[in-house]
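Trainee: Got a structure for you, questions after.
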Amino acid sequence: MSLGYAEKLSYIEDVGNVGMTEYFDPPHVLQEKIERLALMVKKSKHLVVFTGAGISTSCGIPDFRGPKGIWTLQREGKALPEASLPFHRAMPSLTHMALVELEKAGILKFLISQNVDGLHLRSGIPREKLAELHGNSFMEACPSCGVEYLRDFEVETIGLKETSRRCSDVKCGAKLKDTVLDWEDALPPKEMDPAEKHCRMADVVLCLGTSLQITPACNLPLKSLRGGGKIIIVNLQKTPKDKKASLVIHGRVDKVSFLDNQDYKEAILQMQPFRLKRRTMQAKSFELVLKVNFIDGCGCQSVEINIPIDFKVSIDCFNPDKDAVLQRLRDTAIQDLCCGQNAVIERTAFLMPKSEVTVYAIVTNIVQYIKTSNVLADSLSNGNVKRQRESVNGTGTSRKRSKVHRRKSRY
C-alpha cells in the first residue's frame, strides 16, 4: 500500500513478524496446485476472496512484511523502498482484474480487502460486494448521512479524522472524515458485519497475498470452517493459518491467477508505432486484450478492447457510417465522464494473403480548464474556473492471419 499511509500511522513497537522468508513451489508442484485451485473455485457455491498487500506489489506498491517490505526496512533502520510510480496512478494488477471477471461470472460472491490503495474499486468490483476493512486512502465519508466520496487524490489524513471538505448534500453539509484506520481504531461494523456474514456462508475462502497476521481481520477466513468451508492460501510467505488451510500455494498471485494463459505474456508498448507479435498454434484460439492508457486530464484512465483470435477470416467487409459511429461515441463521452468507449468503424478482408484488418475508434474525454479573468492566479484564488469536457478519438488497427503458424498484430 501507500508509503504515505505507512508514514502517517501512529508508532507501534510490535507490528508482528517482518522480513519473512519467501518460498516458491517448484513449477510442477505449482501447476498441480493451481489445477486443484481451479477445480475448487469452479465447484464453489459461495466463493469469498480475502486480499492483502501482496496482490498490489506488481502495481508498483511495496508490501509490508516481505524481505524489502516497509516495516521490514523500518525495523532494520534502512531507507523505505521507493514506489515505481505515484500511487494515484497505480493501475489494477492482473489479479485485480481476474477477480473482476470472477465476479462478473457470478462465481465470486464477496471480496474482503485489508488494502487501503483503492485498487479493487477502481478495477470494477461493485461497492456492495466489497468490504475494505482498513479503509480507502482515496475515500471520504460523511459521518452524518453516510455518503461516500471516492477521490482521485489521496486524502490528507488517516485515523477517521475530519478533512477540509464538507458533505455536498445541501440538507447535510457535515464535515467529511477519512476512512483509513490507525492502529488503535476498531474495524467499522459497516465493513466487518458483511465480511463476517459472507465468511460464515462461504464454502471456499481464497486468501491472496496476505500474511494473515493482523487481528481481528486475519480470523475472518476461519469462520468458514464452522460450516464445512475450505480455506485456500496463496502467499509467498508462510502464515499462522496454513495448518487450517486445505491448500497452500507458494507463488506470486499474478502467476497463479493467470497460469492458464502462461503462453502469452503481458506486453507494455510505449513507443509509436505500436507493434506486437505473438506466435501460437494455428488451432489454438484466444482473446487478445488491448489496453490503452490515457494521459492525465482524461475522464477515464484507460480503455480495453477485446479482440478474438480464432484464425478464421471472413470474406465479408464491414464499413459502417464512420461519421455516425464517431458522433455517437463523442456524445457518450460528453455525457459520461468515465466513458472509455470504443467501436469498430471498418473491417476489410483480403484473400492474398488471407488476412483481415479491423479499425477501431477509441473515444475518451479531457477536462479543460479555462481562466475567466486576465490573471490566472486571481481566477484560481476566486474559484472562477470553468470546467469543460471534450471528446477525443483515435484509431487502432489489428491484423490476423489464418494460413500460417505465425501471427502478427499491428496497432
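One is the number of the first residue shown, and numbering goes on along the chain from there.
Each residue, glycine too, has its Cβ placed from N, Cα and C.
Feature list, courtesy of TrEMBL:
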type: ACT_SITE; residues: His134; note: active site, proton acceptor
type: BINDING; residues: Cys142, Cys145, Cys167, Cys172; note: Zn(2+) binding site
type: COMPBIAS; residues: 386-397; note: compositional bias 'Polar residues'
type: COMPBIAS; residues: 398-411; note: compositional bias 'Basic residues'
Trainee: Between Cys167 (Zn(2+) binding site) and His134 (active site, proton acceptor), how many Å separate their Cα atoms?
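Mentor: Roughly 22 Å, rounded to the nearest whole number.
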Trainee: In whole Å, how far is His134 (active site, proton acceptor) from Cys172 (Zn(2+) binding site) when you measure between their Cα atoms?
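Mentor: Pair distance, Cα basis, whole Å: 26 Å.
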Trainee: Quick one: Cα separation, Cys145 (Zn(2+) binding site) versus His134 (active site, proton acceptor), in Å?
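Mentor: Cα-Cα, rounded: 20 Å.
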Trainee: Note the Cβ centroid of Cys142, Cys145, Cys167, Cys172, the recorded Zn(2+) site, then list each other residue of that chain whose Cβ lies within 8 Å of it, in sequence.
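Mentor: Those within range, site residues removed, are Pro143, Ser144, Gly146, Val147, Arg166, Ser168, Asp169, Gly173, Ala174, Leu176.
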Trainee: How big is the Cα-to-Cα gap, in Å, between His134 (active site, proton acceptor) and Cys142 (Zn(2+) binding site)?
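Mentor: Each residue's Cα considered, His134 (active site, proton acceptor) and Cys142 (Zn(2+) binding site) end up 17 Å apart.
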Trainee: Can you check which residue among the binding-site residues Cys142, Cys172 has the largest number of Cβ atoms within 10 Å of its own?
Mentor: Cys142
Trainee: Quick one, of the binding-site residues Cys145, Cys167, which Cβ has the fewest other Cβ within 10 Å?
Mentor: Cys145
